[in-house]
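Structure record follows, encoded as structure tokens.
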Amino acid sequence: MTQFNIPVTMSSSLSIILVILVSLRTALSELCNPQDKQALLQIKKDLGNPTTLSSWLPTTDCCNRTWLGVLCDTDTQTYRVNNLDLSGHNLPKPYPIPSSLANLPYLNFLYIGGINNLVGPIPPAIAKLTQLHYLYITHTNVSGAIPDFLSQIKTLVTLDFSYNALSGTLPPSISSLPNLGGITFDGNRISGAIPDSYGSFSKLFTAMTISRNRLTGKIPPTFANLNLAFVDLSRNMLEGDASVLFGSDKNTKKIHLAKNSLAFDLGKVGLSKNLNGLDLRNNRIYGTLPQGLTQLKFLQSLNVSFNNLCGEIPQGGNLKRFDVSSYANNKCLCGSPLPSCT
């Protein structure tokens with residue numbers, strides 16, 4: 001039997017050609033945009049190469065759903081990275097939010113959360129994400145003020161900066177965002193007054209949560225223009241009239257204003273028929289309880305304790321589900337479940 005001996009040099013050449021062909025085939029079949037992959041790898045580096053991002057490998061396709069937290073646009077088949085979830089990573093030391101995020105121009109959704117070692121301000125590079133709809137930066141140690149440049153991202157629908165170390169005052173400019181539907185800034189160190197401009201959010205704006213901060217001053221009268229489904233301004237240092245948040249013509253479902261210094265006549269406010277949660281405890285609210293409370297078919301929670309309310313508690317409807325704790329420590333409230341009026 002005749003044997004053919006392939007020279008060593010030819011064998012090496014064939015191996016090199018085979019490697020090139022395999023690499024070329026991989027490159028041609030990869031869906032991930034090269035610029036997006038480069039940006040993601042830089043983000044990984046900027047975060048100290050955490051072990052939780054070990055699936056982000058330069059030799060694999062970032063659009064094949066093996067890269068943790070990365071999704072690409074398969075609907076339009078552009079396969080640009082449009083969804084990035086950077087949550088729960090254990091960084092080796094403190095790092096700022098990577099400015100390299102700006103190199104993912106097709107991002108629609110960005111979630112950064114649960115990273116204790118994430119520090120520093122929200123970088124101006126975020127303003128370059130002009131297609132961003134949903135921005136979440138939560139449960140980190142990111143600090144500084146909420147930046148004005150967010151008003152440049154006209155596509156924003158949701159802003160959630162809850163439970164960080166943010167300080168400074170609320171930026172008036174975000175009220176100009178035409179598509180913004182809600183803000184969640186609770187659990188920070190934000191101080192100062194609520195801007196008057198926050199009463200001029202678009203009709204799409206239905207949710208405001210700025211609880212557990214250091215807000216002072218009064219709720220702007222311009223809030224009468226808003227139709228909020230959910231508002232939570234509890235645990236601040238707000239004072240004065242909050243009746244502008246109420247109205248029988250509104251679609252309000254929850255109003256949480258507990259632990260402020262608000263003072264207004266509760267008996268004179270109109271109530272949304274959709275109201276299912278009302279928490280007004282620990283304020284200086286006076287007057288009587290509205291009789292309209294008995295007509296609220298969806299009311300599930302009520303707390304008006306520790307105020308200056310007087311008069312007989314209305315009876316009927318869903319009010320029968322609430323016990324003494326909902327009404328305790330008022331000036332002169334009476335009637336079931338409190339002692340009877342005399």
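Cβ atoms are placed via backbone N, Cα and C, with glycine included.
Swiss-Prot lists a disulfide bond between CYS62 and one candidate from CYS32, CYS72; that candidate is CYS32.
Here Swiss-Prot annotates a disulfide bond for CYS332; of CYS63, CYS72, CYS310, the partner residue is CYS310. Of the listed residues CYS72, CYS341, CYS341 is the one Swiss-Prot pairs with CYS334, by disulfide bond.
Summary: among the glycosylation sites (ASN141, ASN303), the fewest other C-beta atoms within 10 A of the C-beta are counted at ASN141. Taking only the Cα positions, the spacing between ASN64 (N-linked glycosylation site) and ASN141 (N-linked glycosylation site) is 32 angstrom.
For ASN64 (N-linked glycosylation site), the count of additional Cβ atoms within 10 Å of its Cβ stands at 12 [all protein chains shown]. Annotated pair ASN303 (N-linked glycosylation site) and ASN141 (N-linked glycosylation site), C-alpha to C-alpha distance, rounded: 33 Å.
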